[in-house]
Structure formats: structure tokens, C-alpha cells
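Features reported for this protein in Swiss-Prot:
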{"type": "BINDING", "residues": "10-34", "note": "NAD(+) binding site"}
{"type": "BINDING", "residues": "SER138", "note": "substrate binding site"}
{"type": "ACT_SITE", "residues": "TYR151", "note": "active site, proton acceptor"}
Amino acid sequence: MFDWTGKNVVYVGSFSGIGWQMMMQLMQKDIKMMGIMHRMENVEMMKKLQAINPSVKVVFMQMNLMEKMSIEQAMKKMGQMMGHIDVMINGEGVLLDKDVETTMGMNLTGMIQSTMMAMPYMDKTQMGMGGMVVNMSSVYGLEPAPAFAVYAAAMHGILGFTRSMGDKMIYQKTGVMFMAMCPGLTNSEMIMNLRDNVTWHHSESMVEAIESAKRQMPEEAAMQMIHAMEMMKNGSMWIVSMGQLKEVTPTMHWQM
């Protein structure tokens, strides 16, 4: 089981949804410091987060995932402030299929950039002590999503990156493990305007099916994801659907 005592946690993402619920629940652990990284600060939500556990130092760092320089500068400041990073949770997610650049940048390339720039503060051969990176994907990273093809491409990319970085050779050298979470349909801001964010205008029936489907609450999904993290399975992928946790066993199609 993962020991949260004295850990420095970095969260890259918004002030809502599953990722934010994870932060609220992690504040109840005996962690040392929590750093929130996002393009805009929500002062009220930061105060609420701090109030959960006044003994944890909570800080905010502005960072734009669409700008490499912003990521580099913000992650350097966060790493120096903490000294080292134990846990990094990449929880940013947008569903804007008509804006390919933003969808890929916010969901995938920005996540990759921020992770790679955090690694010097996690890698035990550099300034880190080892740790864990958790990347938020989706069930649409495992299956096709005809109504949201661009979003699905980004989600598939997250899993490819996570599984590759979760190779045992990388873990043995760096001490950093990687995991991916694939939530199913969840009550969140992301799915409030589905009809405006489809890939094609031929997707009405697919959107209707999603809108009428049952959804889990972000709180229950967050709880299960933290449970998965505590199992410490490097390179693993987890589905969290309707509050139930299930590990994904990928099919091996090719091996060198």
C-alpha cells in the first residue's frame, strides 16, 4: 500500500470534476504539500481546499498547458518550492472536438510536456526520490468514440504514453511509476454541452444515447482512483465506471 505520509502532491487540472474531488480526498491524508496548477486560479475553491486540512501547505501555480514556456517555468517553480515531487496527477480534460489544436494540446501534448518537465523533481537519479504519475484518460481511450473522434485520439494517446513510461526498465532507473485512469460517464462540466462539441454534425443519435445514460458521481470515481493508486501497480490502467474499479489487461499484439 502507498504511504501518503509527508508526500508532496502536484495536481494539474481544473477546480471541478474527478481530479478536484481527488484533491479534496487526498487533503484528508497525512500529506505535506499540495500544489495546484491551472491557467486560472479559483481563490474560493483554494480556500475550501485548505480548510479541509490546515496542516497541509496548499499552493497555486499558474500554468497554461498550451504554452511550452509556461509549463517549463511553472513546473520549475513548483519543483523548487517543493524540493521534490512525490505524486503528480494529470487531471486536465476538455471536450472540444471542433477545436483540434486545443483538444490535443490540453488533453495530450500539454500533459506530456508537464510530465517530462516534472520528472527531474521525481527521478531518484536527479532531484527526486521516486514517486507516482497518474494520468487521467477515459473509457474512450480504450474504445472508439464516433461522436468525439478527436477527444478519443487524445485519450488513446494518454494510454500509449502512460504504458510506455510505465515500462519496468524506466521504473527501475527512476523510481517513478505510471498509472492511467479511465473513468466512464461522470457528472461533470465536460458533458454539459455535448451537442456543441461533436466531431461531425451526424452524431445526434450517439449524443442522445450518452445524455440518457446513467452517470457516476465524481466523488465516488475519485475514491476508487485513489484506491487504485494505493495498489502501486506500475504501468497499469483502470476503468472506473458507476463507482466500480476494474483493472484493464491489454492485449499483446506485437513484441520485439
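Cβ atoms are placed via backbone N, Cα and C, with glycine included.
On the structure: features taken from Swiss-Prot.
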residue	record	DSSP (3 states)
VAL10	NAD(+) binding site	strand
ILE18	NAD(+) binding site	helix
LEU26	NAD(+) binding site	helix
MET34	NAD(+) binding site	strand
SER138	substrate binding site	coil
TYR151	active site, proton acceptor	helix
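For VAL10 (NAD(+) binding site), the Cβ neighbour count at a 10 Å cut-off comes to 27, with all displayed protein chains included. Summarising the environment of SER138 (substrate binding site), the number of other Cβ atoms within 10 Å of its Cβ, over all protein chains shown, is 28. Take the binding-site residues MET22, LEU26: by the count of other Cβ atoms within 10 Å of each Cβ, the lowest one is LEU26. Taking all protein chains in view, 21 other C-beta atoms sit within 10 angstroms of the C-beta of SER14 (NAD(+) binding site). Ranked by how many other Cβ atoms sit within 10 Å of their Cβ, the binding-site residues ILE18, MET34 place MET34 at the bottom. When the binding-site residues ILE18, MET22, LEU26, ASP30 are ranked by how far their Cα is from the Cα of the residue listed as 'active site, proton acceptor', ILE18 comes first.
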